[in-house]
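Q: Residues or ranges marked as transmembrane segment by TrEMBL: B:12-36, B:71-94, B:106-129, B:149-166, B:187-208, B:239-265. Annotation comment: TrEMBL describes B:71-258 as domain 'ABC transmembrane type-1'.
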Amino acid sequence: MKGKLAALALASPLALLLGVFLVVPIGTIVVVSFFDYDSVRIIPDFVWTNYDELLFSPITWKTYLQTLKFAAITWAICLLVGFTVAYFLAFHVASPMMQTVLFLVCTIPFWTSNIIRMISWIPFLGRNGLLNQALMSVGAIDQPLEFLLFSDFAVVLAYVHLYALFMVVPIFNSMVRIDRALVEAARDAGAGEWQVLRHVIIPLARPGIAIGSILVVAVVMGDFVTVRLMSGGQSASVGLMMVNAMSLLQYPAAAANAVVLLIVVLLMIAAMLRIVDIRKEL
Amino acid sequence: MQTRARSRGFWPLAAFFGLFVAFLYGPTVTIVVLSFQGPEGGLTFPMRGVSTRWFENLFETQMVGDFGGSFLRSMTLGAIVTVVTVVVSFMAGLAFRRRFPGSTALFYLAVASLIVPSVLVSLGIGLMFRLAGLDPAWWSSGLGAHLTWTLPFGLLIMFAVFNRFSPAYEEAARDLGASPWQTIRHVVVPILLPSLIGVGLFGFTLSYDEFARSLYTAGTFNTLPLEIYGMTTNVTTPVLYALGTVTTGVSFLVIAAALGGVMLLRRRRGGG
């Protein structure tokens, strides 16, 4: 009994902070999404017009589709890259010391500024950037490629650059916990490297894959900075739509969009969670 | 571990890994080089001479907004976030070793905090302050917004740490007559110190670089990422890269200090 009280007391700061800065704000968004507004202020009310305008606008559907497309492409590439990197680290780097060092090498960029990392693509992808210069000097193209920077291509590239790590870490974490005896047993039973990968490692790495997928999909679905910076204003995302509504002071419209986005993201995650119980994996 | 011949897959995979690392670091290296661009140079290669002009430019307030002030605010906010994240995550980590009423709900709340899009948290806190008639400021609403991002990371790290932490140490301390507080202060904290430094590293760097969660919560005065974002739309000189070099440099210093601290602690324990 005393232990339970102590645990409650120890957990209370976390509960309080998340309550005040997560639960109440989301509640506020839900409330405000039913408010009315005009060009200068928001009017406390209970109207469905914000949802009406949102859900019956073709722009909304187009934007959601576009965002889902970004999420799907980014997810697929991150999964491929993240899995390969994690597999190399977990199964092909023999010394634990080297494993830690290489893992840190992958992690360090995560601790630096995302915006700076996006900007740093300009000298690479720009019209006079390194890639165009290189391609032109070898004669592969005779005019600079325009689609490299400020395009959907650049957006996806930046997503993979920023978020591939979200896939590497959980998959690596799942992989290092795979009992090496299982791999040995499969080899002794005559399995080749591919078969071991396909029938032993991938099934056992599934929780990591699920967690990585959830993280990548969640960040891409809510993103607006990358889309704005890397598409040069030529592409849209749900997050960007919200931010634009906010800058026009249409808070209730932004709030309604936020509620819809939250529901969509939660549904996607609930679907992915059916594959794995994350609490068991920590 | 036995040594065995490298499997056929090793070299292709190693090459892939090498490319991945080049992909991660290449662009950053480029802007570091370009931030030393000569006075006539532009945003792309070639370099037109070498100079530190763009760094000097950075500290002339009128040129690029309020770099000094926003830098100071971000450092201060990062420091506060670090302390709160370490203390609160550690306490919650201790609590979660047993079930308590609401433990499952709190766990899922923390996970939700990680998954709910940042811009939504930012918008929500901004609206909440507005409705409450309070002015958002980086040290109030901004701090709260950052904590919703750093605390879940801290908690998950503490989960992983406590799963591998033997309660035998605490039992021994208790048997020797230590009070609960003494047990934590002289046994648990020293043993877990490297992990706590890790939590602090997450707290500082995530806060120092956070943009979306600061957007509607920072109030009148910008934090550094907001300032940088503003610059991306209206600055077309390498001063942008100089700023990138400085910020990334600060991040690297913090990371190096944290990792150095962890290694020092490990060594002091004599390979334990």
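In case you wondered, yes, glycine gets a Cβ from its N, Cα and C as well.
Walk me through where these features lie, including what they touch and how far apart they are.
A: Residues 43-45, 47, 50-52, 54-55, 238, 241-242, 244-245, 248 of the same chain lie 6 or more positions beyond the ends of the transmembrane segment (B:12-36) yet place their CB under 8 Å from a CB of it.
Taking Cβ pairs closer than 8 Å, the transmembrane segment (B:71-94) reaches residues 106, 138-139, 142-143, 146-147, 150-151, 153-155, 157-159, 161-162, 184, 188-189, 192, 196, 199-200, 202-208, 221-225, 250 in its own chain, all 6 or more past its ends.
For the transmembrane segment (B:106-129), the list of distant contacts is 92, 96, 135-136, 140-141, 144-145, 148-149, 151-153, 155-156, 210, 212-217: same-chain residues at least six beyond its ends, Cβ to Cβ under 8 Å.
Cβ atoms under 8 Å from those of the transmembrane segment (B:149-166) belong to residues 81, 85-86, 88-90, 92-94, 96-97, 110-111, 113-114, 118, 121, 188, 191-192, 195, 198-199, 202-203, 206-207, 210, 213 of the same chain, restricted to positions at least 6 beyond its ends.
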